[in-house]
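Marked as domain 'RNase H type-2' by TrEMBL: 57-283. Per TrEMBL, divalent metal cation binding site is recorded for 63, 64, 174.
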């Protein structure tokens, strides 16, 4: 009897396969994948492309999660499937992701990756845009707005799908800014696709809902497994939703200010909420800039060759050093 119990225990250990941190095949593997990547840089993940998506014309949806929060990454997501497979999205429960609970989104994401009827015809991809990248892009000398970051990410993910062999026919995008300008920019980049950019597209087009769910679930888990290089030990969700109006988030910002270096990497420094908090508490810093010096140039200035004419019109120019060294003279009469 005891031998049987030991055997069953060993079998259960064997059945528990190690998680591959380089592949997302279920909800369980999402967190380890994110945790294995440096959170100061952007991370892109593409699922395996179903064979049918390379053969049949597909629709592709684009949406984001975490655009407004002062904490954490912004995640862009795409999802694609054959035009004739729309019913699979409905069967999965893809609807307006804002109307779904976090638990329901997790279930749909897991089903999308584990159920054969879904993963055999639906593919997806996400880009996790680091808060560090967002802040540095908006603060650099040639500023890059959040809209530009968003559009670049969306177009980059579409290009990744094209490069992976997805046969894209139609693209549906939840708008960033005025729909007309966004659609014009996308059509210029991808002239062969039928492109629709609309407000609240995730509640209108199931393929956009699927992209939104992938983006939101990825962001939620990115926050859960966030690693603080600053050495902070933060309990689960101790920083709240990340939105500026959340009192838990406000408290986190207030309690975790370094008077010299500002906030942890989790915070988007470029948000006015963060800037105001720093202005009230952090030390003012001044950086000495080196005095501007005229560039030193050892050679002859070009203007020197235009000098040497006297008032009477006589030209008096210093003889070239080359001619002096070689003992050469100008000859005018032969």
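Start at 1 and count along the chain as shown; that gives each residue its number.
Keep in mind that glycine also has a Cβ here, set from the backbone N, Cα and C atoms.
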Counting Cβ atoms within 10 Å of each candidate's own Cβ, which of the binding-site residues 63, 64, 174 comes out highest?
63
Using the recorded divalent metal cation site (63, 64, 174) as reference, state which further residues of the same chain have their Cβ within 8 Å of the centre of those residues' Cβ atoms, listed in sequence order.
62, 65, 76, 77, 173, 176, 201, 202, 208, 211, 212, 215
